[in-house]
Amino acid sequence: MVKVYYDQDINSEVLQGKKVTIVGYGSQGHAHAQNLRDSGYEVVIGLREGKSAERAKEDGFEVKAVAEAVKDADVTMVLLPDENQPQVYVESIKENMKPNSALAFAHGFNIHFSQVVPREDVDVFLVAPKGPGHLVRRTYEEEAGVPALFGVYQDVTGKAADIAKAYAAGVGAARAGVLETSFQEETETDLFGEQAVLCGGVTSLVKSGFETLTEAGYQPEVAYFECLHELKLIVDLMYEGGLENMRYSISDTAQWGDFVSGPRVVNDETKARMKEVLTDIQDGTFAKGWILENQANRPQFNAINAAEYKHPITQVGKDLRALMPFVGESVNK
Ligand code: NDP
Ligand code: MG
Ligand code: MG
């Protein structure tokens, strides 16, 4: 089995006393910054003026313009949206980094697809938490953690892997497990996971189930509870103990239905489509489409987003959640 690193396996000395600059203070940024600070590191935030900068100041951080913030940093972690990283890198980061310092990412996209070409005199590594930023922070506060991958693209100091592992431990990931990867593997598996399973796969499955029930005349509220709300309870059981724990908890009738009907819905045809999705990721087709979509100011992204917002599942969900105060939004944007 692959080596999984935990706190006791990681020597954090390489990062002690070093200055860490976090560029961006969004989902991942606020979590890395606050967790590293609580782990004893000196953290500065690099940002433009705006909402995030205000929030970072309120949270007690020193906030500087990106170009200033990276100047004396030993580690510069870039936590901007992937599509903004190339421009900010060229304009504010590239020429301002110290030689032999480290340029770090939480996702390999821009390095792997050559949108950011790093200087040759810096370490380049990634620490990619396998979970949303708000959970990276919340679990840290609960003395738990979200697992992370680390990988090294460029090692000029000979210490890049050790710094990456220490950084991962600093954000709390080594409580859950830290695995070594490459930029290529992290990028391709992360894109595949979010497209085919975690985000794209699940939203399409939920919507198709909801539509099938409502088109057959069942009440939308019942369909919402059945196909969306209850999903969390099922996923929690899988998270805690795998598919077998979920199947142990559900009724035997549900388990029989799982066995005979699951493979009729997600079948060989679906898997063939998954392979196409993976091929598009591997050969750069997906990356090219997303980069061009951004250069065109996202016409298709915005159109689909607006149409999705009008889907009946959105409206019925809003009404039902308003009646369940304990459900509340966990992401404060
Ligand atoms: P967010 O969109 O949540 O945050 C982006 C931050 O960047 C905001 O603070 C924003 O500030 C700032 N920003 C945007 N544009 C600029 C700019 N031109 N100059 C300066 N600051 C800017 O990003 P995420 O946390 O989602 O993503 C960050 C990275 O982490 C990405 O590489 C992503 O792939 C990776 N990642 C994300 C995960 C997640 O949970 N979301 C999971 C694992 C990896 P402002 O308020 O001013 O707009
Ligand atoms: Mg991911
Ligand atoms: Mg991702």
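Every residue, even glycine, has its Cβ placed from backbone N, Cα and C.
TrEMBL: automatically predicted annotations, no manual curation.
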**Report entry** Same-site NADP(+) binder from G108, G131, G133, G145, given that TrEMBL records Y25, G26, S27, Q28, R48, S52
**Finding:** G133
Query raised in the report: Roughly how many angstrom lie between the C-alpha atoms of D190 (Mg(2+) 2 binding site) and H107 (active site)?
Result: 8
Query raised in the report: DSSP on G26 (NADP(+) binding site), three-state: which is it?
Result: coil
Query raised in the report: About how far apart, in whole Å, are the alpha carbons (Cα) of Q28 (NADP(+) binding site) and E226 (Mg(2+) 2 binding site)?
Result: 31
Report summary line: Integer Å value for the Cα distance linking G26 (NADP(+) binding site) with S251 (substrate binding site) is 41
Query raised in the report: Around E226 (Mg(2+) 2 binding site), which residues of its chain at least 6 apart sit with Cβ under 8 Å of its Cβ?
Result: G209, L213
Query raised in the report: Taking just the CA atoms, what is the gap between S52 (NADP(+) binding site) and H107 (active site) in Å?
Result: 20
Query raised in the report: Taking the Cα atoms as reference points, how far is H107 (active site) from Y25 (NADP(+) binding site) in Å?
Result: 16
